[in-house]
Amino acid sequence: MASGVQVADEVCRIFYDMKVRKCSTPEEIKKRKKAVIFCLSADKKCIVVEEGKEILVGDVGVTITDPFKHFVGMLPEKDCRYALYDASFETKESRKEELMFFLWAPEQAPLKSKMIYASSKDAIKKKFPGIKHEYQANGPEDLNRTSIAEKLGGSLIVAFEGSPV
């Protein structure tokens, strides 16, 4: 079911910047986004970047000790959101970084909000080609390291964001 909701150009630009890793200076790397949260505009017609809801790579280890915990804390308790998270994890063979797309639809969110976000999900996903990992979370219990590691590769994952799973 399509909702007719549009996706802002800035959302597409942020996705591209997160997906494409260029050879960058240390300063440019610090400005790269680790996580970004998207919401519907006030008129509910466009998916936009939620103001102030991002984590920069340069903040990790400086002002943010646990980026995933901080990311989960940025999600509203009683409304839906979309998010991109640049997950860093280790398998038994190697260290990887891959983008994850989240639909956050908590149980306490209004039914209308859940319906609009669910029906608009395809619109934003079409703007994010190549996303390997998509995850819908309905509460904080769905956003723990174990469930995310399971989604990323199950028993092959030994650490997520530097912490063992």
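Cβ coordinates come from backbone N, Cα and C, glycine included.
When Swiss-Prot is compared with the stretches 30-34, 50-54, the one noted as motif 'Nuclear localization signal' is 30-34.
Within its own chain, the motif 'Nuclear localization signal' (30-34) is flanked in space by residues 14, 17-18, 24, 54-60, 67, 71, 84-86, which lie at least six positions past its ends and keep a Cβ under 8 Å from the stretch. Here the motif 'Nuclear localization signal' (30-34) has, by DSSP, the following mix of helix, strand and coil residues: 2 helix, 2 strand, 1 coil.
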